[in-house]
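Novice: Below is a structure I'd like to ask you about.
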Amino acid sequence: MSTPTPKVGFVSLGCPKALVDSERILTQLRMEGYEVVPTYEDADVVVVNTCGFIDSAKAESLEVIGEAIAENGKVIVTGCMGVEEHAIRDVHPSVLAVTGPQQYEQVVTAVHEVVPPKTEHNPLVDLVPPQGVKLTPRHYAYLKISEGCNHSCSFCIIPSMRGKLVSRPVGDVLSEAERLVKAGVKELLVISQDTSAYGVDLKYKTDFWNGQPVKTRMKELCEALSSMGVWVRLHYVYPYPNVDDVIPLMAAGKLLPYLDIPFQHASPKVLKAMKRPAFEDKTLARIKQWREICPELTIRSTFIVGFPGETEEDFQYLLDWLTEAQLDRVGCFQYSPVEGAPANELGLEPVPDEVKQDRWERFMAHQQAISAARLQLKVGKEIEVLIDEVDEQGAVGRSWADAPEIDGNVFVDSDELKPGDKVRVRITDADEYDLWAELV
């Protein structure tokens, strides 16, 4: 009589990089014969992959851990908040194990201790697909090219959680991308803590892919990915000089004309306190140059308002910079002190909460007007759209200007499409964030 199949529940919180970590753990568990189940009550054990970037993320992680304990009782914690084991056990002393980010083997071992794999299990090739277990829809996938970060931004604790930059060999990255494309993926989203720095730690060493030499560097990686016939989107790009090298690839249609660059602020004084590159005037000139080379370029960014020491003058400088930059997609966060962040030791005057809220609201209104005007320019134009979902009201997709989850949507008036379809549409209407379209 065979033993029952061990069942694992999994909750993945935080950023796409954490999602990729979850996929890796789940792939290993599936290879060992575990079944992944969608409910707490059906699971023999629950793994919670946490986020610990800001206080609100930690609070969410603790809440989900508590929910899993209440509903199941057997909980293993991993991920970025796992580096603060005391903070987790102080609130939830009954968790079975706590591991940090990238500690895949420790997570799997902890699962083994709670519910061992089936001894008679013999992994078959068809049990786990070649691309591994994916938590995204079939038509797009995140491609993580490195771990860690060499920056020391004063508001951030990522290096203390995920360590210094460690780039994956370019041959491994490209082989994974090939497997994803063969499995039906039509959009690869390149992610890391710092995509522009890819290969710095390896001194851009030459690796091999399909028998051909390829340097472990962002430009060469992008050139190789562009040969796979799918959308390639770059995230978490720092505005180093080497970013200039990929703009011509975008202009030539080899990469999506999309850059996700976290500028964080524009005031030189605030950028210096943040320990960020403080060349906002040169950045504006570079944005102008990029758009001259690639007029279709979409730039997404994130900003922080209310950083300690930020004055009304600094904030107004940021608004004026946004007017000049005319960014397409923008997110904004109110500064939240993070335990262990160097910013706590700067001795700068904290910005009152009500002032942070006021600046956030003004920032969002300011950028909303910019976004609405830029999207209005697309009305009447034809673009390609990748369909994400279809319901009774029509299809919802994204253009090259829209990353999943964080950017806008294109609503297509058609009930004949399915997720993963790429279609050509004509834009008929726009608001502050989204577009409406009809099939061409």
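Positions of Cβ are set from backbone N, Cα and C atoms, glycine also.
Here's the feature list from Swiss-Prot:
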type    : residues               : note
DOMAIN  : 6-116                  : domain 'MTTase N-terminal'
BINDING : Cys15, Cys51, Cys80    : [4Fe-4S] cluster 1 binding site
DOMAIN  : 135-373                : domain 'Radical SAM core'
BINDING : Cys149, Cys153, Cys156 : [4Fe-4S] cluster 2 binding site
DOMAIN  : 376-440                : domain 'TRAM'
Novice: In sequence order, which residues at least six apart in the same chain have a CB under 8 Å from the CB of Cys51 ([4Fe-4S] cluster 1 binding site)?
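Specialist: Once residues fewer than 6 apart are set aside, Cys51 ([4Fe-4S] cluster 1 binding site) is near Leu13, Gly14, Cys15, Ala18, Ala57, Lys58, Glu60, Ser61, Gly79, Cys80, Met81.
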Novice: Relative to the Cβ position of Cys149 ([4Fe-4S] cluster 2 binding site), how many further Cβ atoms are located within 10 Å?
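Specialist: I count 22 other Cβ atoms within 10 Å of it.
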Novice: Please work out which residue of Cys80, Cys153, Cys156 has the most C-beta neighbours within 10 angstroms of its C-beta, and give that one of the binding-site residues.
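Specialist: Going through Cys80, Cys153, Cys156 one by one, the largest Cβ count within 10 Å is at Cys80.
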Novice: Quick one: give me the count of other CB atoms within 10 A of the CB of Cys15 ([4Fe-4S] cluster 1 binding site).
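Specialist: Excluding its own Cβ, the number within 10 Å is 18.
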Novice: What is the average pLDDT across the domain 'Radical SAM core' (135-373)?
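Specialist: The predicted confidence over the domain 'Radical SAM core' (135-373), as a mean pLDDT, is 89.
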Novice: Using DSSP, break the domain 'TRAM' (376-440) down into helix, strand and coil residues and give each count.
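Specialist: So the domain 'TRAM' (376-440) is made up of 1 helix, 32 strand, 32 coil.
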Novice: Residue counts in helix (H, G, I), strand (E, B) and coil for the domain 'MTTase N-terminal' (6-116), per DSSP?
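Specialist: Helix/strand/coil tally for the domain 'MTTase N-terminal' (6-116): 55 helix, 22 strand, 34 coil.
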Novice: Within 8 Å of the centroid of the Cβ atoms of Cys149, Cys153, Cys156, which other residues of that chain place their own Cβ, given that this set defines the recorded [4Fe-4S] cluster 2 site?
Specialist: His151, Ser152, Phe155, Ile157, Ile158, Pro159, Gln193
